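Asks: I'd like to ask you about the structure that follows.
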Amino acid sequence: MHSSESRNRRWGRAASSALGCSAGCGRRRGAAALLVPEEMPKGSFVGDVAKDLGCSYLSSAARRHVFDTGRRRYFFLDLGNGHLSMMEQADREEICAAASKCVLNFEILVKRPMNIYKGEVEILDINDNSPSFPERSSVLEISESTAPGTRFPLQKAHDPDIGLNSLQNYECSESNYFTLDVKNGDDGVKYPELILVKSLDREQQTAHNLILTATDSGSPVKSGSTMIQIIVLDGNDNAPEFTQSVYKVTVREDVAVGSRVLQVTAIDRDEGPNAEVKYSFFKIPETFEKTFKLNPESGEIEVTENLNFEEREFYELVVQARDAGGLSSHSKVLIKVVDVNNYIPEIVIMSVFSPVPEDTPQGTVIAIFSVQDRDSGANGEVQCSISESHPFRLEKSFDNYYSVVTTELLDREQVSEYNVTVRAADGGSPPLQSSAVLALRVLDVNDNAPVFAQERYSARLAENNAAGALVLTVRASDADWGQNARVRYRLSEGRVRGAPLSSYVSVQAETGALYALRSFDYEQVRELELWVRAEDGGAPALSSNVSVRLLIVDENDNAPQVLYPPAAPAASLSSGAGWSGVELAPRSSEPGALVAKVVAVDADAGQNAWLSYELAKATEPGLFRVGLHSGEVRTARFPLARDAARHSLVVLVKDHGRPALSATATLSVVLAESVAELLAELGSAADAAAPGEPAGSLTRWLVLAVAAVSCLFLAFLLLLLALRLRRWRREQLLAASSGALRGVPVSHFVGIDGVRAFLAADAAAPGEPAGSLTRWLVLAVAAVSCLFLAFLLLLLALRLRRWRREQLLAASSGALRGVPVSHFVGIDGVRAFLQSYSHEVSLTADSRKSQLRFSGASCCDTLPARPLPDEPAPLLGDENPAVAPPADSATAPVRNGLNNWPFDAKLVSSYEG
């Protein structure tokens, strides 16, 4: 045991020295060579792999693994110290048979970082086998007539060892008739032959015994021997002779069982039975007898089982030809097996790195595999390849080891899984191929921001919507996977009309649905510009924004608003001075003459703000007409003498919404040819508010007052009648009961029918009509008389006011005589459009932005600032012409004529320009 341990340490040091000289860890993948003698006991130390390779990370037990490339594991790696030891006793003769060099390969796979190292252990031969002969004794029959010099092959010894430990020499015991000759064959094997040096004489000696000894050169030297008994035969002088001393043939390893390999032929010059030759194998291994069969009659050699070049590529057979007399001869048959490409390359996947993050750097090792082909030569040369369409390439490590590495960055969004097919093809003809599939799954990395389905969104929302109404839904998708693809939505900060944007709209975080939080009014907010952000759930999160434009759609919720004529104030209506909106037109107007224009706007937009005008009501229906879209009031025909001077027109302004909304404007038009006629009509108009008022409103009030007085007087009469009837009934009751009560003292008269009466009360009843009732009647009559007197005084005051106005107008009528009515504007609060007044109205989508444009020629018929020399003095005679500022004849009338224009100064400036 001590000797075995010292030998183990000696071989371990030798192995470590060899490993240190042949391997290095500085390279990407190293190769280690170890030496170990055969038949080392289990657990024997082979070598310190980690120390001798100089790789510190091999000492990590979690990062290495040993692969034996053979079919049987002979080694194991101590995970604690990195020592390689024997797992099983190795017999070199069993593993490698007669091979000159016996090598066992192993691989060490290192993970994190992934790498592989190749190692090999050479099994050294020891002289543990003695040469041995197939039989301990054999018999050789030789005819006495055999000529000297004849050679007789002897069975060879077998020594499984190699080199000096194998068979080296043969020795034979001394004999006067025979000598031993040792030949070296083509295969390097020594073959013993016995040579007859002296003719035999059966009569002198019938048998000879020799001892053949085979020795090796090992330490110590071992040997083996066999007994050869030579029997001398009598007779047959000629032995069969083969046509060839050595037969050679080449056979493919895929030759069919039963096929003929070759035919040996021997000729015997004897005659008769001595010339009949029988063939047989002469002392060949038992395994050869199972592989080949020799026909004893014909000498044909056939294959009896499948050949395998990888197991044995050369066969040496000895064929014996023997005649009936016992004479024989021998010949060699050398059969060489030719390799046929009959093994498919085997792909062994050793490690696969999956799943692979998509941001894995270029050049990262993804998988390691090896390829083996049991054929030899070109048939065993294997070429590996993978599809070029994948972002991977093959790198050969050493021998038949390959690595799969990335050639570019992976993108899971384009390809989430790769099935990489590795193909291996040998160099045979035809080549054999095999393949293996590496399933590589790409691990997602958050490298894609959400992408909206549209570059920008827009939606239309009708105004007056319900709060919480769905506006639209934005959609964003993320090409990533899992949590990295989960998209959430939110609004970007902003303000609308000073209020936060979040008070107007909100977005649902999960679905992207956009809701209106309040009811919108088109007239306040016409559109909203906002941004919606989509953010994924990765770390760090990625986001993108999209613009959303929300257009508020107008609804017809605003009726047209009449700007001209303005509505008359309630106070003026009650006072009777309702001159607002009175227009003047000469009786000589031709059909189509402009009388007035109704101006209206609509706060809505589009079709809802398109206005149309129509004449709803007129004093004389056929005299005036209204422009459908312009609102201009023009004469439809010539005014007739029978037409009333004063006309009331009701114009209906209607928009085009659904349903349509409308408003009305009331115009008063006065027909007059001269100022006198105009003033007379104005006087009559004043009568509508003063002298004519008693016949109208004042008379109506007077009638109402008389009716009220009459009703009050009737009420008092009815009350007086009721009191009289009540008194009469009481007198009847008292008269009926006077007989029963006569003689009863007054002091005893109590409690009858609940009435407490005094006889003195009877004296008050007859005087009551002349007392309280008469007094109430007098008061009523007095009140009615006072009320009637007040109305008479009011009527007298109105008449007096009318008479005074007539006197004033009569005094100034001389100054206005001859002035055309068409020049008469702005007197006594009358707001009148001139006949020659020209204007245009441009209706846009929003009528509130309409502009009024006036032509400069419209000033030609206006009242000039100063009268001509032959014309009367101005209407307002108190103005001093000497101090009046100079004015252009075109602009001064405008300022005088539009003094009471209902619009603002901006409109007047536009008119002056």
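Using N, Cα and C of the backbone, Cβ positions are placed for all residues, glycine too.
Annotations in TrEMBL come from automatic prediction, not curation.
Pulled from TrEMBL, these are the listed features:
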type     : residues : note
DOMAIN   : 73-133   : domain 'Cadherin'
DOMAIN   : 134-242  : domain 'Cadherin'
DOMAIN   : 243-347  : domain 'Cadherin'
DOMAIN   : 356-452  : domain 'Cadherin'
DOMAIN   : 453-562  : domain 'Cadherin'
DOMAIN   : 586-693  : domain 'Cadherin'
REGION   : 870-895  : region 'Disordered'
TRANSMEM : 701-721  : transmembrane segment
TRANSMEM : 776-798  : transmembrane segment
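So where do these features actually land, and what's packed around them?
Replies: Taken as a whole, the domain 'Cadherin' (73-133) shows an average pLDDT of 81 in this prediction.
Residues in the domain 'Cadherin' (453-562) partition by DSSP class (helix H, G, I; strand E, B; coil) as 7 helix, 50 strand, 53 coil.
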Asks: For the domain 'Cadherin' (453-562), which recorded stretch in the set 73-133, 134-242, 243-347, 586-693 gives the largest number of Cβ pairs separated by under 8 Å?
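Replies: Stretch with maximum Cβ contacts: 586-693.
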Asks: Any chance you could find the range in 243-347, 356-452, 586-693 with the most Cβ pairs under 8 Å to the domain 'Cadherin' (73-133)?
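Replies: Looking only at 243-347, 356-452, 586-693, the most contacts with the domain 'Cadherin' (73-133) come from 356-452.
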Asks: May I have the DSSP-based helix, strand and coil counts for the residues of the domain 'Cadherin' (243-347)?
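Replies: Split by secondary structure, the domain 'Cadherin' (243-347) comes out as 10 helix, 48 strand, 47 coil.
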Asks: From the DSSP assignment alone, can you count helix, strand and coil residues within the domain 'Cadherin' (73-133)?
Replies: 5 helix, 27 strand, 29 coil
